[in-house]
Amino acid sequence: VSIFIFHFSANILVRNSEMKGKRVISKREMSKADQCTFLSYQSVAYGTLGDVAGDVSSIEGADLVATPIAAGGHLAKGATDAAMIAMDCSSIPFDEIKQQLNQRFNEVDKKLQKGAEALENVTELAEKTYSSVEKMRVEMREGFNHVIATIENANTKQIITGINQIIQYFNDERENINNRQKEDYVAKLQEPASGNFLLYLRKSRTSEDGSLHSLLFKIINQELAIPNNAADNNAIRALFALFYGTQTFISIMFYLVKQYSYLADYHYQNGNLAEFNSNFDHMKTVFQDFKFTLIGINTSNSKPLVNTVLSIIEDVKNKRFIRNLRSNLYQKIIKSTKSLLDLREKITKMDLPIIEDTPKSSVLINFREKSSSVPRIETPILKWTPGTVVKYAIQYEQDGKYSKISKWSNPITVQRLANPYITIDKDRRNRLVFRQFGNEKPELISILDSSQNEFRDIHRDLYNAAQMPYKETALGICRKLIDSGAQVGASFEMGRKSIHASATAGNDDVARLLLAKNNGLLNVPDKNGYTPLHIASERKNNDFVKFLLEKGADVNVRTFANELTPLHLAARQDFTIIVKTLMEKRGIDVNAKERAGFTPLHLSITSNSRAARTLINETPAGINIKSNSGLTPLHLAVLQNNLSAAKVLVKSNKKVKLNEMDNNGMTPLHYASMLGNLEFVKYFTSEQGIDVNAKTKVKNWTPLHLAILFKKFDVAQSLLQVRNIDISTRADQAITPLHLAAATGNSQIVKTILNSGAVVDQETANGFTALHLAIMNPNTETPQFLIAKGANINAKTNDGSTPLHFAAALGKTNIFQLLMDKGANIKAENLINQMPIHEAVVNGHLAIVKMLIEQDSSLMNAKNMRDEYPFYLAAEKRYKDVFNYLESKGADVNEKNNDGNTLLHLFSINGEVEVVQFLIQNGADFRLRNKERKSFFDLAVEFGHAGIVGYAIEENKVDLQEPYRGKTILYHAICDSVKYDRIEVVRYFVETLNEDQCSPLQEAAAYAHLDLVKYFVQERGINPTAFNNDNQVSPLCIAIVGAPCGFVKSCDTPERLDVVEYLVDKTPDINKECDTQQSTPVSSAVYGNKVSILNYLIRNGADPNKKVRGDPPLFIAAMIGQYDIVKSLVEQHKIDVNTRNKEQFTPLHAAASNDHIDVVKYLIQKGADVNAKGDENLKPIDLAGEKSKAYLRSLGRRFFRNESPSKSFEIDKFNAIMPEVSMSGKVSHDSNFIQHISSGTRSKSNFNSAKNKMYAENSHVRSIDVNGALLLLDFMVRVFSNRKMNYAASISGIKSRSNSEAQAEALILTERFEHLLNALIADQSIDSLDFSNVHSRIYKAIINGNPNGISEMLCSYAKEYSELDPEKIEKLLQEFETLTFTKSSEIQINEKFSHALFETCGLNRPTNVLQIK
């Protein structure tokens, strides 16, 4: 791990606890871009840039002002790590901020005229939804990039690559379009069909191959996003891609709606009504189509995308193993799911704010006068000229919603008269009526409410005349139109009236005429709140302004959105004459604040600043007033580089506050230093009262810090000359100017600071000295200067890194050599025990590696905290030159660690296929096995790395048909892939190789892997009720009994119950026998001690009384001591405690004979008959073990009738059979479950002859009865005493052995024998031994009643290994101790038996047998 990854806490460590004896770590190297993300610029900027753009939008030159303000905000919130600065990551990204802000301002520039938009509400709805989705996408973008980089499954990778290509094109082309000016923007959106971006995006929802919709549904339909286990990272990555792709799909939807809405309004404002209608239709169609695809409409869509994705996420959340999942990607999905749910609900309820139906073009045009009192208007007047064609169209409007526009009416040719009467159909909605002369731009002529259906087409002509540039002509026409009935209060585009039109043109005489008709028009606002005084002030119509003020216009009136007064507008435009005129009005608020808190003085700080001088010198304007973000006019003067305005402010007699801070703690001097405005800095520092050491809020930056940080070195030098400058001042993280100068690589600033008395080794909060930081910067002069100045060459950061670490990591060969020459410690370790050699290797710097190894060859074996040594790291990074060099110095690619693992093993566990390939290509022996006798291929299978598995097979690095543990490597590989729930590997074997050995369905059922069970049943078509060939057992019974925990209660898990439920659903008859030994699901649950499964089976129709070879379930449970099963059967399922088997024995007989005292007591408590007689009139006490017999006797004679002397069928105790050897009999094993599952039940005679409770451990099936234990012990006795055990006593009570019992005991003994030989034999020759043959011979000996022949047979196999030295005997003893849980100190060996297995089996024996003690 590179020092930078460690230091920045950005390394990705995945520790795999499944690897025994070795912590396994997989990592991803960070790029510089990754490291730099610690600036958190994206997250900070997303929330602030929009705010900044909005805050300063009222300011002239807002784009210039916004960037440094945003940067100042970033300084207050962003990272301040000196190391990041040295890596050139913390230089505030001015260009990026400026670019993003310019995009914001471009969007403002492209905005259509407010109030003239028919689809304004649609645009706002789409923009709001689009922005919220984009914010979600930004938050998840890094995760998606990680998915692309790490996905392993070839099929999934191909799909996700296709999704990424669509997303990238969407992002890139969208940015390309957004950067264009309005007209070019529109042209790009309306390109011909072949290259039209919007049409391309619309195809995203089609089912054609390669579309975003089809790719997302490939993930869904192939169930690639559903993990099979907690380690199924590929599925989680696919789920993340599905989620991110769905977000993009929604984003595309609202982007399209927004763009078509924009185009519609663009054409609406430009009078191109046909194009408005066309884009209106596109917008509506896109919304409906995408909404249907996303959430369905009236449930007619069976698989709506969002619903399906949310359903998959819910299914994954309900996976029982999901609680064990450790995935940042999954956590991000879950965190964002709430947002997707909210979005689904919003889209479900969402309707476009439009009117669906289109008006009819029913227009009646009448030029005849209705009243003789209203004079006719003859042509020509305005556009009414003879021969001109005029036509009309209609649009509905209601509550801000608009319809399409009707077709044009039949055109009428103008002749002698103008201004006809228009009659249209009545409607409950308002109707907008448009008029078009010839091919000129259409214009709105009237808005009719629901009660109107007739009007005279004259009012728009008054509006048009009012804004004519010729005042006298305009006045004459307006008077004529008003006399003919034109309404002075009629509204048109943007809600403007004729008074607004006259203000635009400055026609005060027309305004006087209008106000004479309706004085209420004086302060009338348009839709945006602009009054005639606003318009006149902004248009510099001074006479009109004076006229309005004389008439009593409100001088402090504000616009609706930005709350601008007329004075704001005049000051912003630098219209000094208007400012002076407005200031003459009594009551004017010269310090009125607009929405962002800016006063007119703030807005007047422009390049010319004439209005600013007026406001400062001739008005009571406050010069220290702050905006909402804390900016004073002096701040704005600096931000706009307006020194003249600054001087006016400073020199005024109003006492400007030089050190006033904005909300981020930035003074004007901070901004001047950050921007590199040297003239400003010199001017400010020459003024009395300036605080050159002022610190920002939170981060404590001074102007000197900022000048150095932003690399404004001329400003920094100027500040360093100021008399009272503090050169050692500390910002956040204890960063001094010296640290920044070293980090930014300016040796001259470093020299100046040191020559001024700064301490060379002062440390940041993270322990960095200037030397550390200088080495990290590309400049090489600075570290040399610092070393010459006596900097500590062994100084350590808080994580223990020295300058040598950084020089090694960055490949600074000359600096590294200089440090070594000066005596730097080449063995210095940081907190993860990383030395410079590790840094050099992991970053591929061969020259430095050579320097270190030649200096000290012992560094070849230097290990860090994760036991990684140079050769390991060279292999991991695949640096061939470093790898070859280390090999030439003695590194061995096949060297084994304490667990017998080579590098090839370790990287197979990690799943790093490229490293595995690299190692094999460079001499790694792929045939080597570790101490668990596993090859790199075995480990790849076990840990689920299908890429390595495929590589090994396809490149012939493994012989699948090679004999291994009695089968083949392929057989065990398939078994293991199922056992460890590695779905990708399973798919590779089954689908790619078409191999299905090992009864995979039974194996999956045994290990309770539900998804694999479903895969084999549903996708591979395996019969879920068929018996397997090896053991003749159904999947259901195997699932019930279970592996790897076998017959212990802890294996009765919810996951296993899920599998049982699934298989029961596939099983026609739940009471049918499920193996060849007549076992039923119920009897299997009893034997397996699976209480919850037993209860489920009975609840679902299983017969709790169905006998197996004559034994009812309660009898079996009592016989083997399953207390919880007995209790459940009696209490929950009301089974008779005195039920009998076919020999008439009761459960109490069975429990007492095996001495299960807890069951005995419980049965008696529940009413069991202690005098019940079975075969040969035997009572429970006749068969009872010691404890049970004592308990039964203690109950008193009141319970017993005609008690006869007890007949004991007990086996002789071990110490009676073997006086010299006494040991415990618990034995363990580890093997494929299907190879040793015992599917039979105990025979009715077994309980008479043995105490056969089934023992088990958490991780493996551990079941063997006393007879089986004696067989194994006989072999051990022969090993140590050359005596044979006497089975007479034990065999005498055995009437028969069932096939399944004999098979189970033979399998277990075979496994024990394999373990014993593994403990003795270190080489691979044991792999050639056919243990299936061993099992077959043991099974025949047991089934034929010849257990004494087993030891001889085992000896015959052991003869192949004739040399057993004392050390091997000791190992054998230790292995036996492990397998049997018997302490070696408990084994008593009589010294007179001086010969052992070695003589009995014909082997060489050691000289001192007593070493086995």
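Cβ coordinates come from backbone N, Cα and C, glycine included.
Per Swiss-Prot, repeat 'ANK 2' is recorded for 494-524. Residues of the same chain lying 6 or more positions beyond the ends of the repeat 'ANK 2' (494-524) and with a Cβ under 8 Å from any Cβ of it are 113-116, 462-469, 471, 474-475, 478-479, 482, 488, 530-533, 535-536, 539, 541, 543-544, 547-548, 551-554, 557.
For the repeat 'ANK 3' (528-557), the residues of the chain that approach it from at least six positions outside its boundaries are 114-115, 494-495, 499-500, 502-508, 511-512, 515, 519, 521-522, 564-567, 569-570, 573, 575, 577-578, 581-582, 584-585, 587-589, 592, judged by C-beta separation under 8 angstroms. The repeat 'ANK 3' annotation in Swiss-Prot covers 528-557.
The predicted model assigns the repeat 'ANK 4' (562-592) a mean pLDDT of 96. Taken from Swiss-Prot, the feature repeat 'ANK 4' covers 562-592, and the record attributes it to sequence analysis.
The repeat 'ANK 6' feature in Swiss-Prot is assigned to 629-658. Listed by sequence, the residues of this chain that lie at least six past the ends of the repeat 'ANK 6' (629-658) yet keep a Cβ under 8 A from its Cβ atoms are 55, 59, 61, 64-65, 68-69, 596-599, 601-602, 605-607, 609, 612-613, 616-617, 622-623, 664, 666-669, 671-672, 675, 677, 679-680, 683-684, 687, 689-691.
Helix, strand and coil residue tallies for the repeat 'ANK 7' (664-694), in that order: 16 helix, 0 strand, 15 coil [DSSP]. Residues or ranges marked as repeat 'ANK 7' by Swiss-Prot: 664-694.
Residues annotated as repeat 'ANK 9' in Swiss-Prot: 733-762. Listed by sequence, the residues of this chain that lie at least six past the ends of the repeat 'ANK 9' (733-762) yet keep a Cβ under 8 A from its Cβ atoms are 80-83, 85-86, 91, 702, 704-705, 708-709, 711, 713, 716-717, 720, 727, 768-771, 773-774, 776-779, 781-782, 785-786, 789-792, 795.
Per Swiss-Prot, the feature repeat 'ANK 10' maps to 766-795; the stated evidence is sequence analysis.
Taken from Swiss-Prot, the feature repeat 'ANK 12' applies to 832-861, supported by sequence analysis.
Annotation source Swiss-Prot lists repeat 'ANK 14' at 899-928, citing sequence analysis.
Under the heading repeat 'ANK 17', Swiss-Prot lists 1031-1072, citing sequence analysis as support.
The feature repeat 'ANK 19' is assigned by Swiss-Prot to 1109-1139.
The repeat 'ANK 20' annotation in Swiss-Prot covers 1143-1172. When the repeat 'ANK 20' (1143-1172) is classified with DSSP, helix, strand and coil residues number 16 helix, 0 strand, 14 coil.
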Secondary structure split (DSSP) over the repeat 'ANK 6' (629-658) reads 16 helix, 0 strand, 14 coil
Go ahead and report the DSSP secondary structure tallies for the repeat 'ANK 17' (1031-1072): helix first, then strand, then coil.
22 helix, 1 strand, 19 coil
Long-range environment of the repeat 'ANK 4' (562-592) - Cβ separation under 8 angstroms, sequence gap at least 6:
57-60, 531, 533-534, 536-538, 540, 542, 545-546, 549, 555-556, 598-601, 603-604, 606, 608-612, 614-615, 618-622, 625
